[in-house]
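Taken straight from TrEMBL:
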- B:7-29: transmembrane segment (TRANSMEM)
- B:49-79: transmembrane segment (TRANSMEM)
- B:91-113: transmembrane segment (TRANSMEM)
- B:140-158: transmembrane segment (TRANSMEM)
- B:192-214: transmembrane segment (TRANSMEM)
- B:234-257: transmembrane segment (TRANSMEM)
- B:264-287: transmembrane segment (TRANSMEM)
Amino acid sequence: MAGQGTTVATAPVETARRAHVGNGKARALIGPGLCTFLIFAVLVALGALIFPSSYFYRVGTLVWINTLAVTGIVVLLGYVGLVSLGHAGFFAIGAYATAIGPNYGIPSPLAMAGGVALAGLLALVVGRPILRLSGYYLAIATLGLGMLIWMVLSKEAWLTGGPDGMTVSGMNARNLFKLVGLKLKSAEAWYWVAGFVAAIGAAIAVNLANSPSGRALRAIHDSDVAARSLGIDVARAKSRAFVISAIYAAVAGALLALANGYITPETGGFMHSVEMVTMAVLGGAASVFGALVGALILTALPQLLTVFADYEHMVLGAIMVVTMIAMRRGLVPFIADLWNRRKS
Amino acid sequence: MSELLQFLISGITVGAIYAAIALGFTLIYNASGVVNFAQGEFVVIGGMTAAALIGAGVPVWIAAPLAVIAGMLVGVLLYRLAIRPAGQAPLVSLIIITIGASIFLRGAMQAVFDKQIHRYDGFSGDAPLRVGGATILPQSLWIIGGSVAVFAFLAWFLNRTRAGRGIRATASNRMAAALVGINTGRAMNLSFALSAAIGALAGVLATPVTFTSYDVGVLMALKGFSATMLGGVGSPLGALAGGLLIGLIEALTAGYISSDYKDASAFIVILLVLFLRPQGLFGARIMERV
């Protein structure tokens, strides 16, 4: 099992990195992480330049929040080659902690941090024993974990408001900008905050990929056994990646709760987990730019096509199957390859 | 006492359904090594098709086989359109493909049928029979009988028939099987068809008791997984025992702890099995080919 991916797997990571972080002098000069951050920052600003109304800002905010969550999937799926079908659960833990905290006198930032820590801890406790085993066990266990979290959120109405969801009070990003004398509409303020956090998240993920632990993860992606024989503690490295990706999801969830001001248990539902994986798979799970492209397409599509809602399941399912068969590495590396071939 | 008996009866009833799902799941896994996340959708296809046909006035003894055939066709299509084209894809790609297929089927079911919850009358009526101090629905007997029949059929088919032995040979070494003249492509088709038929049959039998709707597939798959893992992945006897145990645990949880969290018990079992005994009750020790 583990051996099959050997020749296939490093190639996409390498190509994606070379093609998108750039192979040039800029990258050598400022480092891949900062380079990624700057590219993201430019894209965030570009969005702000062309958006005509608050509605666009709200959709844009959603794109950045999803990009952040999907970046976590990239770390897990793209770097290590593990599938989680319960990431919406971690997302919801971040979101609900941020929503519930202020009701008990805990200030929003503290509640956020608590939710993120809780998600990371849960991933650690659940992930450790499962990740000793390989293959599909994580997918099955996270499928169950996600459902359990969703169940708790729907049934414990005294805490979470039940299936109807709950309003989120507390922070507004406008006030952050007021401190420095900028007057922004609420939707605009959240857009900038979400874009900024997504850019930082992407930079961290890119730096991780180029660090010794990141290289260990990619070695595991190629072959568990080969990595182990090189002295890599495979279970530990996998568990670390799982915790990191859970943290990404929880931060994204907390941001969504604050930006939306309202959350429902569906943020933790199975379909949301599937959506995240589909975004990563569509864009290309090997790079953060794949996360961005996947998140952009699958967030914007339902806004553009109103019929999308009726066929959402079929479209998502078809995207997963077709991408995996026709362009296994996703859209970004696929197009990059076409581009490179034309040039040479 | 009669209360406990009642819980045991309902536990064995749902357990038999999970056992059937787990058996279908084991069949595909044994033949191809694919962990089919779309297994629960076959159950829904069976139930929804039968409900639609019976609703349209088709007698149940025609509707039930038609629903099983519908499931079987979808199983073959799943293999031909999604699994086979992927070729020698890494495990993670196959997982994503079967998840994608499962979501696609869920959407298709919503488009072809509707979003309502469906049921139809039990095959032998809905008047409960008295057993000791408890009652049992005649349909429960159909379900339990169906699962036992499926198990017996598989045991006979895989051990005693040429086609069944072909599937086992393909599973143990595809190339060697092809070299001794076994049509491995046919064996794969057959295992997907059979597995889907078993799932659809479970749906047809279960719907009068458990109801069905387009979105229950993933929960069914999860229960089937936990049954499989509890019994030991790849072991048909394990699938049967695991299914019944999961059903019992679930019924007792619902009865004595909280009916809100009865679905959680399947997940807790998965975690405990992974923590304590990853090979399950009847499974061989997990070995990996490198």
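Keep in mind that glycine also has a Cβ here, set from the backbone N, Cα and C atoms.
Just so you know, TrEMBL annotations never went through curation; they're auto-generated.
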May I ask which of the stretches B:91-113, B:140-158, B:234-257 has the most CB pairs under 8 A with the transmembrane segment (B:264-287)?
-> B:234-257
Ranking B:91-113, B:140-158, B:234-257 by Cβ pairs under 8 Å to the transmembrane segment (B:192-214) puts first B:140-158
Mind checking which residues of the chain, 6+ beyond the ends of the transmembrane segment (B:234-257), have their Cβ under 8 Å from one of its Cβ atoms?
-> 3, 6-8, 10-23, 25-27, 29-30, 147, 151, 154-155, 158, 223-224, 226-228, 263-266, 269, 280-284
Determine which residues of the chain contact the transmembrane segment (B:140-158) at the Cβ level, with the cut-off under 8 Å and only residues 6 or more beyond its ends counted.
-> 9-10, 12-13, 16-17, 19-20, 23, 27, 122-124, 164-165, 167-168, 194, 198, 201-202, 205-206, 209, 236, 240, 243
